[in-house]
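Contents: one structure, followed by commentary.
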C-alpha cells in the first residue's frame, strides 16, 4: 500500500524524528480507527446565499457554495485549520455556531468508503486480449453459445426499440474518463462534476497503478457507445452518462450529500458501487446530510417523480459480512443489487441480507468469466468484477425501462423490478414464496433482472397508489438475551388502520428499529416473521465483529414481505450464539424495538396493471404468479410446468394441464407450480390446497392436520394442531417448535424432566413428581413399598433410607437405632416431631448434651471436671497417657488424642477437621463439613455441601445432578454415568448393558450386534447379524455368502420369503425361482420354452421312458448343482446332435433333463431326485415325492400339519393348529412363534397368558388384569377401567366426575379447588348463583354477596333499586346499612333526617330532649324520664312491646323481648335478636337459604338447603321430604334406580323406554347427539344415522340397502325366506302390512288402525274399553299416534294420578299446541313448493313400504355443508317429494355437466347468496 503522505514526509531534508513520528501516526491511526476531522464544514443558514457569504467572511471561512440540491445547506472551507486532524477544530471561527441565522453546523469527518470490486491478486485471473461484442456472455444467454442458463433479455428490450435514449445516468465514484472513445459520444457534462476537486471536470487522477479506474469501468457497462468498433457495448448504449468524482479524496457526509443530490432535475439514475468497509465488523450508514439528500431526491428529484438510486450490495462474503449493517443498501430509497456467477452459483464475495432487491450478472470464482467494459487510458478490460459490476448493469436496465415509460416514479421502478425479476437457475437454499406469491431469497432478492419484461411492464404501467408510512408503537419491554438462547417478542400491528393517512394494508418495505446492548455484537442473529409467516433474517452472526457497542436505533430493512398484509402478529427473534472469542459474561439486552411499515392502503396493482410478461426470448418461467399473460403477444414455448397436453400461452397460468401441481387465485386464475408453496399441501387432482391459518406445512386443510407451525405457534403432536399455548401436560419446545410432552406424572412442566406441578395423588420432589405414599411407605418408581421396619418415613429402601424413625428408635447419622452409640447423646428437641442422636463434642467419650461442658466420661488420660474433660496433670496437650502411665506424643495430625494412631484424635488443629476420630485436611467426598466436623451426606448424594437431598454436589453412579434443584436424579436405565444436559446420553453402561450411540441397551437394537459390551452396526443393508455373518437382509436385498445384495449371482435367484439367494434348478442357467419351469435362460444346447429348458427335439421325445437299468448314484442336490451344471454343459454340447440321450443318473425315469420318477430311497422334488425332502416340504408316501408345505410354513409333517412357521422381522408368522397366521386368533397370544391359549377370563392377551388386553363377559380390564369390578376411583369404559378425573371420588366416565374428594368441588364434570365466579360451593358441588348476584352464599335472590347490576344496592342479600326505610347506602361497597337506632330516616351513619318518637334532630343527630338513664325513656306528656318495662333493657315507651334492646338471656323479637325465638327465627347471640329464617326454611341456624335445619311443607331438603325442585343428580322423596341421590348414571331422575333416569350426563344417551343411560345406544337405535337420547331407527333399518327412512346404514332381514333406504326384496305383505339368489317370498302375519320375517313380532309396517310397537315389532290397536290398560297388548294413543307406546303399569298409573294439577294443565296446553301445529301444517301442505333447478332421479325399482310417518308427508330438503377451511363442497342437495320420488339439486350445475371447481380459491373464502 502506498502511504502517499508518508513518502512525501521522508524526503531528503526533513528531520528524521518528524518522519518517524509521522510514519508511526500513519500506522497507528488506521488501527485505532480514530476520527479524522477536515477543514471543511457543512452549515445550514437561513437567509440565502448572501447571508451565507456574510457569515463565512465574518469568521474567516470561504463559502464554496450550496451542498448539492440541499436548500440552505452550504459548504464552508477554513484555510487556516489543519487539513486533517484527530481533534475537532477550536478557535474564534468556532463561534460561528452562536450566529442567530446558523441553524446547524458540522465539521466534516473523513469516512472510509470501499469500491466494490475485488482484488485480482487474491485469485488467479484470466485475461482476454480481444474483448468484442460476441464475448459479452451476459448478453447472449439465449443464443446457446454460452453456458449461462438465464438471460437478462437485454437484446429483447433493444428489439422493442429501447436503448436508453434521453435517460441520464451518473456514476458516483472516482471519476470517469470522459475522453474514452466508448464514452465521449454519450458523455453528459450536466450530469458530471468533481466534488473532490471542487470543479466540473470528472476526469480521474492518473497514477501508475491505475487506482482510479473504477468509475470508468462502471460507466462503460451502462452507456458504452455501440457500433464504433472500439471496445464494448453498454446496456443502454444511447443513454447519457455522467460521473461525479467523489471517492478520490476525503469522503465526508457533505461530500456524499453533494454527490447523491447533484443536479437532481437532470439526472434520472444515480449508480453507486461503494459503501462502508466490507470487513465483517463495521456498522455504518449515511449521516444526516446524506439521509436528507436521499429523502429530497425521492421527493423532489426528476420533477417530483423521484431520483432512482442503485447501490451495490457489498463484497464482504469472505469476511462473513452482512449487508444489513450497511445503511446505504439497507435504505428504502436505494435499489440494492447483488451478483450471481455465469453458472448461477453464489459468488464467494457476495453478502446476503433481506434488503437486496434483485440480481444481475458478475464474476464468481477466479476461473469464471468476468464483465467486459471500458477501462482507463482509453482501453478495455474483461476483468471487471464484484457487486461493483452488478449495480451499473442494473442501472442500465432501469434506463431502458424509464425510456419505455419516463413517468415511472422511484417506487414504480421498484415495483416493476419485483414483478419481473425471476429465480431462474440462481442457486440458493433459501428461496421461498411469500404470501403475496413472490419468490424471494436473502442472496438474490426477487431474482435476476429481466430487461424485456421490465420495458413491457413499463409500457402499460399505472402509477402505484400513494405511499403510506405507519410507525407502530415502540416495544420498550427490556428482555435479557442469554447465551445459547433466543429472545422472542411478538408485536400485534394494526397497520395504523385507525389513521387513513397512514394506513398500510399492502406492504412494500418493512423497517425494524432496534436498540440492543451486547458484549459482542457479532454473536447476534436477528429474525423477523411477518403475520403471513414470511421469515426474514435481519442479521447473521459476524465472526470478526467484536464490538461491545451493540445497536442503537439501527434500522434493519426487509423487502421479503412485499405485497403481504401488514396487520397481525410480527415476531422478532434475537439469538445469541457465543463465540470462543467472547470474554464477557454479561448478557445482552433487547432495550426496545419498533416497526415502520411502508406501503399502500389499497391494492397497488389495479386491473390495468395486470400486464403480460414476455417469454419470447427466454426459456424459464417468470416466477410471479400474480401476472396475467396476454395471449396476443405470445410467440414462444409453453411454461416448463405445463404437461405435454400443451398450453394457450407462455405463462404458468396458460397451461391446459399442469405437469406437477396447481393452485388457484381469487381472480379464478390457475397457476402451475413444481411443488406447493409453504402453507399448502398436495391434494388430489394435482391441487395445492391451503393449510389451516397457523400451519406452516400440513397434510390436510383442517386445523388438526398440521405437520409444522408458523412462528409464534407450537405443534401439538397428539392433535396435529398448531397452538399458541401448549396444553396441560406439555411444554413449549422453542427449538423444535412443538409442544413437548411432560414426563408421565407431570401436570405442568418447563421441560421433560422439570415438573412444576404434579397430577393428582403425586407430589413434587425437586423437579420430579412422585406418588404421595402414606407414612411408612416410599415410591419405588412403580408403586408404594413399605419402609424398613425402623423407619416412620423414608425416601428409599433399607435402614439407610430413613427420614424419621418409628417409636422406640432414634435417628443417628441417617440411620435408625434403638439407642445412641458411644460419643452420641439423645437430643430431646423434636425435629418434625421425632428425636435424634447428635454427636458429642470431640473432647468427650460420652456426654449428656451438646458442647464441651456436657461430658459424662472422658477418653483415657483425661479427667472429668464439672462436665469437662481435662488433661491429666502429668501430660500436656498433644500427649496421651499410655498403659504404663507415661505421656506419649499424639499423631502429628491430632491436637489432642487418647492413643498413638491417627484414628485416636479427640480434637484437631485449626487447619484440620474432625472425622470419626481422625483429623483430616478435607472431608471425604461423601461427607460435608459443619463446625469443623465431617457429617455424612444424604444417602442419595455421592458428594454434598449440606445434609439434605438438594445439597448434592456429585451423584452416585447412574445418577446426575438436576441443574435447577441440585438433587441427584436417576439416569436413563442402564447408565452408570450421564450428562446433565441429556440424561439419556450415557457416558458408560452398567454391567449387563450394551453401549450404542451414547445409550445403554439390555439387548442390542436392530441391525447391530454385541461385542465386548458394545453394539456395533451390521453391514450395509443387513437386518440381523453377529460379528461373523449376516443372518437376514433388509427388504429388497438377499443374503448371498454372508453379505446382502440386490441381485443374486448367475445360477441363483432371490427367495422373497427367506430373503436369501437360492440355487436355480440344475436345468436352468439363470432363473426367477426354484422350479424347473422358472428358468430365465438355459445352458448351451437347450432352448427356453415357457420357463422350461428343453431339447430342441422335445416334442418328439416327450413321455418316453429313458434307460431304466442305469445304476443310480446318491447325489447331494445342493452340493452337486454347480458341478452338475458344468458337466451338463459339456455333455449337452457333446451330444447335441444325438436324438435320444440317457436320463441323469439320479433319475429312474425322465422327460428330457427332468426326472419323472425316482429309484427306491430317493424322492421326487422339483423334477429332481433327492435323498431326503428339503426344509419346507413333506414326504408324501402315496406319490413318493416331496410336497411343499402350506404357504408360510417352514417345516411340516403333512398338509395342514405345520410344525414351524417362517419368521422374518417384516413378516412374522405364528403357528396355530397346524397352520401359519400373521396374528393369533382371539383368545390366543404369540409365544416363541406359537399361538398359546390366554388365561380365563382374558378375551385377548399379549406377551403371556395372564396379560389381558380385553376381557370376557362382564369382566373389566385394569392394568392387564380382568376383574369383576373396577377399583376405587376408576370406571369401566368399553370394558376397560379408566381412572376417574383428577381429585374425583366417583365417576361414570373418564371425563365425567360425579363426586369429588373432600375439599374439592364439582363443576362441568370435573373437580376444582374452588368454584368459579357466580357459583357457590355446596356438598362438594359448584351451584350457580341467582342471576341477580355477582357472588353469593346460596342459589336464591336474597343470597347475594354483590349485585350483578351495578346500579342496584345490596340489602340483607337482596339486590334492590334503593335502600329501604331505616337504612342508607354505603357508597364504598354499594350496601344498605342500618341507620342509628334513634333515626327513622338517614342519609349516612352520621346524618339523621327524621327521628323516632321522642327524639329530635340536633346537628344531624337524633337526641332526646333530656338525657335519660339506660333503662328509661323520655315521656313527652310528663316532660320527664320514665322507667322502661321490666322486660326491656332500652325502650321507646312503657309497654313490653316498645323495647329497643333486651336484658341478658332474652332476645329481641321485633320490639318484644322473648326467652326463646319461635319457629321461623334463629337466635343471633351477638345482637341478642331473633332474626327471621329464609322464606324456604321452617327452622334454621342463620338467615341464608343455605342455613336451613328443616323445610316448609312442599319443599325438599338437600343438606341445609330447601328446594321446591331438587337439583340435577337428585330426586324429591316425598315421604322423607328430602332430595335423595339419583343413580350415578343419571343426570336427572325420578327415583334411585338406574331405570329411573330422565336425562343423562355428557357421553351418555337416554333410552327413554327403559329410563336408562347408555354409553352406546343398543341395537336398532341411534344416538341423537343434540338431545342426548337413543332414538329408534326406522323399522326397516338394522343400523342407522337418523330416524328417517333414508338414514339406514344396514337393513333388517328381507330388505336390502339402496342409497340409504332399505328396500323390500318381496312385494308388500311378504318377506324373504331362504338365502342366496334362489329364495321364496312368504306372507307376513295378518297383523303386519310389511314384515321382515314370520310371526306377529317381525312387523315393519302396520295396517290401518294399528300402530307399530318398535321394541318387539308388533302391530297393536289403541287401548279402549275392550282393551284395558292392564293388558299391555294395546297402545296408549293419548301419548302418541305416530308409534305404539305401551300403557304404564298399575303402579305407575297410581303414581301418575298423584301428580299435581300443574302437570294436568301442562298436558292440556301441550295438546292445544299440537292441535295448532297440525292446523298450520295442513295449511302449509296446500302451498306450492318451488322446484327450480331440481332434476328427478331414476325411478326406484321397488316401492316404499306402507310405513309412513309425518316426516315423509312434507317435501324435505337436506343440505350438507362443510364449514372447514377450503375443502371441496361437492355434496348435492337431496329432495324427496310427496310421492317418495327422490330428487337431487346440484350445487355447481346440471347433472351431466363436467366437474368444474372454478368457484374454489386458495387465498380467500367466499360465500354466495
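The backbone N, Cα and C atoms fix where each Cβ goes, and this holds for glycine too.
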| request: Going by Swiss-Prot, point out which residue in 754, 1151, 1248 is annotated as N-linked glycosylation site. | output: 754
| task | According to Swiss-Prot, one residue in 383, 951 is annotated as N-linked glycosylation site; name it. | result | 383
| remark: Here Swiss-Prot annotates transmembrane segment, and of 1659-1679, 1680-1700, 1701-1721 the range meant is 1701-1721
| said: Let's see if you can do this one: DSSP helix, strand and coil counts over the repeat 'FU 10' (1058-1099), in that order. | reply: 2 helix, 15 strand, 25 coil
| request: On the DSSP side of things, how many residues of the repeat 'FU 13' (1232-1276) fall into helix, strand and coil, could you say? | output: 0 helix, 21 strand, 24 coil
| query | Going along the chain, which residues at least six beyond the ends of the repeat 'FU 13' (1232-1276) come within the CB cut-off of under 8 Å? | reply | 1204-1205, 1207, 1212-1216, 1221, 1224-1226, 1282-1284, 1288-1294
